[in-house]
Every structure is written in C-alpha cells, then in structure tokens.
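The following features are taken from TrEMBL:
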- 1-28: signal peptide (SIGNAL)
- 118, 276, 280, 286, 294: Zn(2+) 2 binding site (BINDING)
- 215: Ca(2+) 2 binding site (BINDING)
- 225, 227, 240, 250: Zn(2+) 1 binding site (BINDING)
- 232, 233, 252, 255: Ca(2+) 3 binding site (BINDING)
- 277: active site (ACT_SITE)
C-alpha cells in the first residue's frame, strides 16, 4: 500500500512536470532571506539603475525569472549589467506590488523581494506594457493602468493561468502525503477541511477526503522534493501548487507553522497559506488585489482567513460556463 501511494505521487509529479511545468519553473534557488549575509548582498544593490553594472545583479535577475518577470529562456551576455529588459521587468514588478514605478532598485523594491510569498510565479497577472516600445516581453494586456490602483477595491483583479486550465468535474477528492511532518497530520487535515469548505461555499465544487489515489495531494516537503520547484528553507517561498488538473499542493516543511489565531508574528499562518494554494489548485493565478487571499505575498500584519470578493469573483468567473 505504501509503495503504491509513493508510486502514485511520483507519477503525478512527473506528469505535472511534463504538462504543467511552466507555472513553477525555477532556474535556481533564491537567496535564503533569513541569512544576514544574503540580505546584505541584496541591499548592496540599492540605487542601481539602467546602464550600471554590479557583480551581484544576477541575484535580482534570478528572482525576477523565478517569479515570471523575465523570460526563463532569455540569455544575457552580461548578467551583471542593468539593461533595458531588467528595467522593464522591475517596472512590472513594482506595479504589481504597488510600489513607486521607477525601474530602479530602490529600497522598497529590494525589501519586497525579501518578504515571504507563494512560490507560484506571477505570470497570470496581466498588465498593459509599461514601455510602449517593449515588444520583446510578454506583459499581457488587460485594462489596468497606474490609476487603477487608486480605486482597486472597485475592480476585480483576479487572474487565471495561461490557457485557463480548469477541472472537468466539480467533485474532487483529496488526500495527504508528506515527506516531513512539522504539523500533526490531524491538524493539517483539519486546516485543509476548513479551507476546502470556503472554496466550496463560494463555488460549485464539492470536496471529499479519502485515503489515497485522489484528485488532489497535499503535504509538507523540504528542499528539492522531486518537482521543478525546490523549496529554499526558512523564509522566502512558503508553498506552491500546480494548476489543474495536476492536483499537487506542497508546503515548505522548514517554516514555523501556526494554527493559532491571532498568528504569532514569528510564525506563518497555515490556514491562510493552504487557502491560497487551493486557489491555485482550482485554477486561479495571483490576484493584483493586495487584500485578496490570492495575492502572492504573505503579510503577517494582516492575516487573511476569509475569501474576498475578488477571490470569489475569480473562481466563479473561471467556471461560469461549465
């Protein structure tokens, strides 16, 4: 039975890699943000702008490639040179995270890259091209401009994965398989059940927990765990999931997870992260609304335990015609 379970999960990971690898491609591990030396390296880049060179600039390139702002396959003769493509990527990143759009590596932009977040790239968020002449980069268009962020509560900013992948059934089963167990299995099951209940209450889905061979597999993993997105240790990426219908939800076992409410400031709220990743499993990409559960960044000062109107509008729009 144990062999069958492991084989089934490994096969699912392999199939997910072949079919759904694009949302989770990772060129290299990001800096471990709890490391003071790594943080010093990042902040040493403060003030850099187009035309300048720095031996550590490739770290920012790696980060922007990892999260969808630079093309994974794009090659640069000098990784340490601040070129047009890097400036354009930084502007898009700044717009996405509601920072001042300068195209420069200012303090707030660098700080944003050090904050905990979901490991799924932000490729599903689609903005107008910031540079009208920037035809070489895939900044897909929707009607969002700088003024939109002043009235963000009046707009739906949810997004889907490229191709709008979705499930072809509304009855989904789930089970658990972990490589490590930082949280008791019964607690992970309870948290997941509550998270599934929120999505079920706001969509056509019904979810059932079963023992094995299910549509969705949830578990804790560390480091390189067999998919295309190795975890980076404590801090940085907290979890990731694949778009439908891979059915994989992986949580970083190196984090310190909390089941409490309110969540201690030195811990990560497991419910929020699970609720967020299930949105990816169902087909939602990252929202541009910072108040939405599906926003990419984890904000310990404002733990989100309830789906917002933007999250609900997204899941209902994705499956509206099914």
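Numbers here mean position along the shown chain, with the first residue as 1.
Keep in mind that glycine also has a Cβ here, set from the backbone N, Cα and C atoms.
The shown structure was predicted, so the numbers you read here are calculated from the model rather than taken from an experiment.
Sequence features, as recorded in TrEMBL, placed on the structure.
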residue : record                : DSSP (3 states)
118     : Zn(2+) 2 binding site : coil
215     : Ca(2+) 2 binding site : coil
225     : Zn(2+) 1 binding site : coil
232     : Ca(2+) 3 binding site : coil
250     : Zn(2+) 1 binding site : strand
255     : Ca(2+) 3 binding site : coil
276     : Zn(2+) 2 binding site : helix
286     : Zn(2+) 2 binding site : coil
Fill in: Subset of recorded positions (227, 276, 277, 280, 294) lying within 10 A of residue 252 (Ca(2+) 3 binding site), CA to CA, in sequence order
none
Worksheet item: Including all protein chains shown, what's the count of other C-beta atoms within 10 A of the C-beta of residue 255 (Ca(2+) 3 binding site)?
Response: 25
Worksheet item: Between the binding-site residues 215, 225, 232, 240, 250, which lies closest to residue 280 (Zn(2+) 2 binding site), Cα to Cα?
Response: 240
Practice prompt. Using a 10 Å cut-off, grab the number of neighbouring Cβ atoms around the Cβ of residue 252 (Ca(2+) 3 binding site), all chains included.
Written response: 27
Discussion item. To see if you understand the setup: which same-chain residues, six or more apart in sequence, place their Cβ under 8 Å from that of residue 250 (Zn(2+) 1 binding site)?
Written reply: 219, 220, 221, 225, 227, 229, 231, 239, 240, 241
Worksheet item: How big is the gap, in Å, between the Cα of residue 286 (Zn(2+) 2 binding site) and that of residue 277 (active site), rounded to a whole number?
Response: 10
Practice prompt. Report the nearest neighbour of the residue listed as 'active site' in space among the binding-site residues 118, 232, 255, comparing Cα positions.
Written response: 118
